Amino acid sequence: MTHRFLAACRREPVDRVPVWMMRQAGRYQPSYRAVRQKVSFLELCRSPELIAQVTVAPIDEFGFDAAILFSDILVHLPAMGLDLTFEKGEKGKGDGGPKIGNPVRTRADVDALRVPVPKKDLPYVLDGVRAIRTALADRVPLIGFVGGPFTVASYAVEGGSQGFTRLKTMLYAEPATAHALFEKLTQAAIVQIEEQVAAGAQAAQIFESWLGELAREDLEEFSFPYLARIAEAVRKTGVPSIIFSTGTTAHLERMAKLGYDVVSVDWRIPIDEARARLPGVAVQGNYDSTLLLGPREVAVARAQQLLRAAGPTPGYIFNLGHGIQVGTPTENVKAVVDAVHAFGWK
């Protein structure tokens with residue numbers, strides 16, 4: 001069976017535009033909140049049965065054209081030697097942001113990090129992938145994912161504080177230490193994706209969310225070479241690859257050369273301009289998730305406007321410019337998904 005999402009990743013013709021949304025499994029869903037009333041966030045991430053349950057729920061509830069593994073970009077950090085916790089948040093269940101108890105600050109800290117062995121260190125993720133595939137019964141494909149080296153490093157180095165000051169200072173003051181850190185995080189990303197695909201993931205998205213914090217020369221030295229290596233590793237698995245970032249519209253042409261099948265863009269650029277600047281790859285995005293918080297008729301109209309601007313050329317996937325926000329009405333999500341499915345060029 002050829003899924004329209006996978007076909008769009010390869011810029012092949014599809015019967016309708018595929019749609020999925022980042023954070024489509026999350027706190028805006030009553031079904032997700034019901035699960036989270038019983039377990040903490042990390043407990044959820046470490047339960048294959050619950051991983052499958054919350055991953056598949058949005059497919060049943062909204063009819064998305066792809067599922068994405070429910071996990072976290074930092075889930076492997078404890079296996080690398082870092083003390084990861086999530087703040088208690090409003091409900092006391094780990095709803096807050098991540099905290100690293102022993103952040104990476106020195107070369108000795110970097111040298112002490114261990115590249116994880118997913119089968120031994122992250123079996124619940126791989127078992128979760130297998131459980132999802134069984135539950136989906138090939139209705140839609142499953143996307144695996146990891147965090148990009150810079151984004152994961154921003155949490156590992158900053159320790160959970162807002163901003164990027166310590167990490168960016170490391171780039172300039174101790175570039176060899178920064179490269180050593182990115183090397184280990186790149187290796188960690190590659191082994192995770194390889195094992196996710198071996199377990200059944202049918203595509204791979206790299207969440208390099210905070211890439212827009214870097215100047216072009218720093219991207220060239222500290223990011224793009226590592227992202228290209230991850231893209232090559234995904235290519236060897238045979239599944240499509242997606243690179244997601246925000247604040248990087250100035251660098252689209254360069255990002256198109258990293259080796260990814262799909263470039264996911266944020267809402268800060270017109271989608272027709274993004275497609276024109278990315279002629280050799282598929283494009284994903286770039287609906288502003290805040291629209292889903294507004295009037296339903298506006299949300300639907302803007303989705304249709306985006307589809308018209310994206311055009312009929314194969315290789316477009318409807319998604320958000322970032323994740324679904326807490327408090328988003330589920331009715332708006334369903335209305336937009338239905339509008340995308342109903343849209344046609346004939």
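A Cβ is built for glycine as well, from the same backbone N, Cα and C atoms used for every other residue.
Listed in Swiss-Prot:
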- Arg23, Gln24, Ala25, Gly26, Arg27, Asp72, Tyr155, Ser209, His322: substrate binding site (BINDING)
- Asp72: site 'Transition state stabilizer' (SITE)
Listed in sequence order, residues with CB under 8 A of Ala25 (substrate binding site) and six or more positions away:
Tyr32, Val54, Thr55, Ala57, Pro58, Ile68, Phe70
Give me the Cα-Cα distance between Asp72 (site 'Transition state stabilizer') and His322 (substrate binding site), rounded to a whole Å.
15
Please classify the secondary structure at Ala25 (substrate binding site) using three-state DSSP.
coil
Max Cα distance spanning Arg23, Gln24, Ala25, Gly26, Arg27, Asp72, Tyr155, Ser209, His322 (substrate binders), Å?
23
Helix, strand or coil for His322 (substrate binding site)? Use DSSP.
coil
